[in-house]
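Taken verbatim from TrEMBL:
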DOMAIN    46-158  domain 'Ig-like'
DOMAIN    165-260  domain 'Link'
DISULFID  C211-C232  disulfide bond
DOMAIN    266-355  domain 'Link'
DISULFID  C310-C331  disulfide bond
Amino acid sequence: LPLLLKATLLRLASGSYRPFYNGFYYNHIMNDNDDGQDKVDYFNGPKLVVETSKDPVYSYNGANVTLPCHYRYEPDMGPKRKIRIKWSKLRDDYTKEQEVMVAIGKTYVAFGDFKGRAHIRQASWHEASLVISDVRLKDDGKYRCEVIDGLEDESDVVDLRLQGIVFPYQPPRGQYRLNFHEAERVCQDQGAILANFNQLFQAWSEGLDWCNAGWLADGTVQYPIRLPRKPCGGVHLAPGIRSYGPRHRHLHRFDAFCFSSALKGEVFYLDRPAGMTLEEAKQSCQDAGAEIARVGQLYSAWKFLGLDRCSAGWLADGSVRYPIATPRANCGPAEPGVRSFGFPSKGRFGVFCYKER
C-alpha cells in the first residue's frame, strides 16, 4: 500500500496521470530495483462491446420485424449482469432521437407509437434485440441500440428499411398547390406518408423520372431526373436528384412525393356495362365488402402484386387511373406504370376496390 500511494503521488506531481479510458487503465509503479526507471503495469477492466446488423433489415407495412442487437464483455464476465437497454429512433442527420423503449431485466417501457408494439427479445445471454410488431410506414429509419452497465455505455446503429414505392402526387387543384403540412395530409389520405430522401433515391435508381418538384419528409423539396432535359435543370447536368433545399413549410407550395409499402389486403377491379359515377363506384366497393382504393394502395398492388388492368377505374381521391405491369398496344406508354386520367368531373368508369385480408 505505501508503494502504491507513493506512486500515485509521484504520478500526480509529474503530470503523467492518465484518465480511465474505455474500461482499460494503467498505473506507473516504481520497480523493485529502485533504479529510477518506472515500469508500466496494465490492469484490464471489462470492456463492453455492442453490435448490431451491419446490413439493413428489410420489412414491409403490417409485418413483424426483429432488429438484432447483442453485447458482450472483453474479457467475458460470465453470468449475465443486470444492465439497462435503451432503443431510440434517429433522424437522418442524427440530431434528434425518438425514444422507443427502455428495459432493465424483464421490466420494460415502450414510448409513443411503439406502445404495445415493441419489446426486447432476450432469447440468449447478452441479447438486446428489438421486436416491432405491426410495422408502420413511419417506422422506416435508423435505430440506436444502447447498453448501459454502470459507467459503461456503448451503442450501435441498425437501419430498418421498408420495401415500398414512391409516387408523385398532385391534388385535384393542380400543380404546386401544397405546403408542407398539406403534403403530409394528402399522402396520409392516400394510404402513404411523405417519402424520405433514401426512399426517393432508391426510386430514382429503379427508374423514377419526374420533373415536378415535391416535398420530402425532412422539409426539403427535390425531384428525380433520369434523362436530363432543359425544363428539368438543364441538359448539361448529370442525372440525379435535383434539390431546392429546405423550403418554408407554410408559405412555399409544391407537389408531394409519397411512400407506400406492401399491402395487408388486395386490390381488385369492378365494372358495369355502362360504367359508374364516383359515388356509384364507392357504393359498389361497399357492396362487395370493401372500400374504394386509395392511390397508394393501387401503386403498391401494381408494384408488389403485379396488378395489371388496361381499364380505367375510380380511386378514393376522385382520380381515374389504371396499372400496367406488361405494356401493350392501346394501354399507354411502352413502360410499366400507373397511368392517370386526372380528376374528371364527369364520366363513367370502373372502380378499384381494396379489401383487408
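Backbone N, Cα and C atoms are what each Cβ position is placed from, and that goes for glycine too.
Feature map: annotations from TrEMBL on the structure.
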{"residue": "C211", "record": "disulfide bond", "Cβ neighbours (10 Å)": "14"}
{"residue": "C232", "record": "disulfide bond", "Cβ neighbours (10 Å)": "19"}
{"residue": "C310", "record": "disulfide bond", "Cβ neighbours (10 Å)": "15"}
{"residue": "C331", "record": "disulfide bond", "Cβ neighbours (10 Å)": "15"}
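Between the alpha carbons (Cα) of C310 (disulfide bond) and C211 (disulfide bond) lies a span of roughly 25 Å. Between the CA atoms of C331 (disulfide bond) and C211 (disulfide bond) there is a gap of 23 Å, rounded to the nearest whole number. Summarised as a single figure, the pLDDT of the domain 'Link' (165-260) averages 96.
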